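Visitor: Pasting a structure below so you can have a look.
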């Protein structure tokens, strides 16, 4: 009996040790991170964001922040460890070694008379004739009688005093840290032990492997389904208009898995009437267009209506079931849009370039979703070259508010930002009709909006000039500044119910050819990672050029200072195109803010190859199958009322120039052909 209890105790100690090895260090690490976490607020301080509930510090919000899956699991494991400690402590009290002297209340080496006297005294207390308690009877038989017998027998007493046991020297005993019922091989216990060993050693790892492989085969590293990426890749086109990006975006497999219920039909019908003006329907054939819209897949109809409800800020009319789907849709939107941008800039052209027009359209959709601004508000209207969208991201701003401040010739978002604080407050309070508190909230948001500067250079490492076929390295320092002094911050997004970190996309592109040469996502949240990346890149570049250690350290130190002051280094490599001059544009696009994107022009002059060495591979020019497909798509493209993207102006101008030149060349060719035919007749 004692051996079985000892084995059970060992099993508990074994389980407690296995649990404590990872849990204790992990808990200490979590506590250290919580203590060293920055207390500086990096989110918007306006009343609209405060009332949105995302940043409230109430007791319920703190409890909800604490009651995450990882925290609750950690707390549960600590509770289990506490129960094990109590159980081990309790069972250790029950498992006491057999010590006759202590049982009789005597000191080791007591005389026989003292032993008999103590035995009589305990017999009066625990003998069954004196005490009818069953526990007293058990204690008297199992302990008192055995202790007296062990000490009154001379041989037993001598063995106990020498070897600690009445029976003399005992052999080495070993226990196993398993429960007793698993060690009893009689009956079905042997099968239980076998099944336990097979389950723990074979079935459990196999089950974990199957779950992991099934999940990894379904999702990518960014938790986006492989089916979604395949769908995006198939529907991505180089001429994808900004208003048509929505049609591709809602085809994600994650959205198709959201159930469509019959109870949602009536709320969706009402929602359709509310957002019908944003669906790009032909008003001349409105009945046909409506029937065509409802004939789509129900999931596509539902997702597009929910997105339009968010963009037009009509989410208050959603039912409870639709509201859950609405939140799920918004939760998945940032990662899906990020993958959609990556697919747009993926090298596909013969020269290994991505597509600019769909990439900018996707970023514009991301901005509108985060700020809850309709896509139609981006359309340039009379007197508003940027549209109304940048103004609508400000709190308390509506279309009527924008028209009021336009009386003072404030028609662009940059003009509003360039005003002094006093002039802007006067404009908002006296002309726009905002209160002092509302004007102060607008100032809070304007202080949060970043100002971006890009310093970009392209060069061939270790060579003078750039020749065709060279590997060109792009160095771009992206600098962010805010009026409130923050570098990394959470954007003003009161209508987006989740935390969203602001990111920027740096695109080195040729607007004329609709080509993206280099693309990279830039984040200003993690300063340590940015310092490590910039230091490593500068060090490797300087070492390849043969710089000294002193020069390398100086360059790295300068890069670290830049990063700490709000700059990020972006590097990329591309193969120099054929000889000629190229007018490129560096786009720095925000995925959260409207009106803070920057375009930087850069002229790239490629010289003829005359440098010794092997020329890089240059793809020969000529018609390809992809170009034929693009021509067919352009012919089949339907006319629709599309808003003008702010990045498509340069592309359209260049196309007009090319069209005029082509028409002129065609006319000259016709004239020459008529002259030739006339000479033949003569």
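Heads up, residue numbers simply count up from 1 along the chain you see.
For all residues, glycine too, the Cβ spot is worked out from N, Cα and C.
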Visitor: For the feature transmembrane segment as recorded in TrEMBL, pick the matching range from 192-213, 214-235, 236-257.
Guide: 192-213
Visitor: Would you mind telling me which of 43-65, 66-88 TrEMBL tags as transmembrane segment?
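Guide: TrEMBL lists transmembrane segment for residues 66-88.
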Visitor: Could you put numbers on the helix, strand and coil content of the domain 'J' (99-164), residue by residue per DSSP?
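Guide: Per DSSP, the residues of the domain 'J' (99-164) fall into 49 helix, 0 strand, 17 coil.
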